[in-house]
Amino acid sequence: MNIFDHQIKNVDKGNVVAILGAQWGDEGKGKIIDMLSEYSDITCRFNGGANAGHTISVNDKKYALHLLPCGVLYDNNISVLGNGMVIHVKSLMEEIESVGGKLLDRLYLSNKAHILFDIHQIIDSIQETKKLKEGKQIGTTKRGIGPCYSTKASRIGIRLGTLKNFENFKNMYSKLIDHLMDLYNITEYDKEKELNLFYNYHIKLRDRIVDVISFMNTNLENNKKVLIEGANAAMLDIDFGTYPYVTSSCTTVGGVFSGLGIHHKKLNLVVGVVKSYLTRVGCGPFLTELNNDVGQYLREKGHEYGTTTKRPRRCGWLDIPMLLYVKCINSIDMINLTKLDVLSGLEEILLCVNFKNKKTGELLEKGCYPVEEEISEEYEPVYEKFSGWKEDISTCNEFDELPENAKKYILAIEKYLKTPIVWIGVGPNRKNMIVKKNFNLN
């Protein structure tokens with residue numbers, strides 16, 4: 001489905017499209033991003049680091065991407081890593097090598113993105129182990145994301161642009177590592193080995209490190225088609241998510257502007273990716289969680305194990321109040337509903353349409369969401385029940401080919417969100433995507 005060339009006749013929204021996760025991540029953003037990357041000129045990441053990830057299949061070959069945007073798989077596409085990211089350069093180089101080809105020639109790295117060092121990962125593990133002993137673990141990926149954003153916020157981090165002048169980088173590196181070793185009582189760390197690696201990165205990457213703000217805005221002025229790829233998802237946002245069980249970056253639409261340096265009026269279309277049920281990895285409130293056979297059914301049939309960590313994901317029913325809250329923040333124009341096929345075989349499907357205060361019976365106000373753990377404990381879900389379907393829907397190519405009960409479920413979600421569901425994922429492969437042809441875009 002090609003937004004950029006307006007194959008949907010009643011969509012003419014411009015050249016800049018953002019694909020954002022609308023839940024706790026793992027919504028299946030990779031498929032729609034991959035589909036649209038083929039038609040874009042530039043694909044961008046604006047936030048996070050190697051804590052995100054998806055597996056993409058192109059020409060029967062699978063690629064596991066954690067830092068690079070999906071556009072790297074297409075020779076006509078330029079890939080950009082924005083200033084809002086934290087980049088573990090060793091992981092980036094390994095990923096570049098795994099993709100192969102002349103990828104470096106079409107990759108641009110922001111000079112303002114921060115470098116994530118191995119010591120950040122060590123600190124992440126130290127902090128998480130301490131929290132585990134205290135019973136307060138967050139459930140991080142231990143990829144060093146939080147500690148790197150911490151050094152950024154503390155104004156002692158090192159930006160990629162520094163790597164262009166290696167002598168300057170070496171001095172800043174020594175000061176940072178010595179400070180962190182002292183602060184966290186780390187007695188052994190091979191600085192010389194890491195510095196040698198970074199000298200090689202300096203040689204290979206110095207011409208790829210640019211002022212991405214200027215680069216992006218010049219390309220926008222030239223009407224290039226830009227696809228912006230969100231990492232993680234809205235409910236993991238550092239400000240708007242279920243704090244403190246969140247990631248360390250801005251995962252919502254505001255992060256697009258601060259993480260790439262583009263003007264908010266340049267963004268034309270926001271696509272929210274929504275899984276047909278709900279999952280989350282790690283700790284934190286989950287009001288529709290299913291700790292029963294249905295939850296296990298969803299986990300196994302949906303292969304709900306983390307791309308990055310391989311941890312089993314917690315599973316539950318779709319949460320409409322959450323999506324309304326996320327829609328308010330992100331101004332979502334369209335929805336890609338994923339993994340509808342996983343619901344096939346269930347006798348009954350529940351849809352959370354509101355939350356009720358356990359004591360007062362008062363319903364949650366529209367657009368609000370109990371993101372704080374202590375407040376969420378005061379609420380219980382209000383469900384609408386739907387009959388399930390037994391049919392295998394993976395061969396469905398049109399909306400009208402879906403079982404009636406599946407269509408009722410989709411239309412109910414649209415009704416509550418007042419947002420068109422344009423793409424419907426009905427299987428694991430790229431071809432297993434229904435595109436609804438008739439919808440209204442407000």
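Along the chain as shown, residues are numbered 1 onward.
Cβ from N, Cα, C; glycine included.
Record features, source Swiss-Prot:
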BINDING   25-31, 53-55, LYS62, THR307, ARG313, 339-341, 425-427  GTP binding site
ACT_SITE  ASP26  active site, proton acceptor
BINDING   ASP26, GLU27, GLY28, LYS29, ASN51, ALA52, GLY53, HIS54, THR141, ARG155, ASN232, THR247, ARG311  IMP binding site
BINDING   ASP26, GLY53  Mg(2+) binding site
ACT_SITE  HIS54  active site, proton donor
BINDING   THR307, THR308, THR309, LYS310, ARG311, PRO312, ARG313  substrate binding site
Cα-Cα distance linking ASN232 (IMP binding site) and ASP26 (active site, proton acceptor), given in Å to the nearest integer: 7
Which one is it: of the binding-site residues THR141, ASN232, PRO312, whose Cα lies the shortest distance from the Cα of GLY28 (GTP binding site)? ASN232
Integer Cα-Cα distance in angstrom, ARG313 (GTP binding site) to ASN232 (IMP binding site): 14
Long-range same-chain neighbours of ASP341 (GTP binding site), Cβ under 8 Å, sequence gap at least 6? ASP392, ILE393, SER394, GLY425, VAL426, GLY427, ASN432
Would you mind sorting out which of ASN51, THR141, ASN232 (the binding-site residues) have a C-alpha within 10 A of the one on GLY25 (GTP binding site)? ASN232
The rounded CA-CA distance in Å from LYS310 (substrate binding site) to THR55 (GTP binding site) is 13
Minimal Cβ count within 10 Å, across the binding-site residues GLY25, PRO312, GLY427, points to PRO312
Near LYS31 (GTP binding site), which of the recorded positions HIS54, THR141, ASN232, THR309, ARG311, PRO312 can be found within 10 Å, Cα to Cα? HIS54
Kindly assign THR141 (IMP binding site) to one of the three DSSP-derived states: helix, strand or coil. coil
If the IMP binders are ASP26, GLU27, GLY28, LYS29, ASN51, ALA52, GLY53, HIS54, THR141, ARG155, ASN232, THR247, ARG311 per the record, what's the largest distance between their Cα atoms, in Å? 35
Quick note, ASN232 (IMP binding site): same-chain residues at least 6 apart with CB under 8 Å of its CB -> GLY21, GLY25, ASN47, GLY48, ASN51, ALA52, THR247, SER249, THR251
DSSP-derived class (H/G/I helix, E/B strand, else coil) of LYS31 (GTP binding site): helix
Students should find that the Cα atoms of ARG311 (IMP binding site) and THR55 (GTP binding site) sit apart, in Å rounded to an integer, by 16
At 10 angstroms around each C-beta, which of the binding-site residues ASN51, THR55, THR309 has the fewest other C-beta atoms nearby? THR55
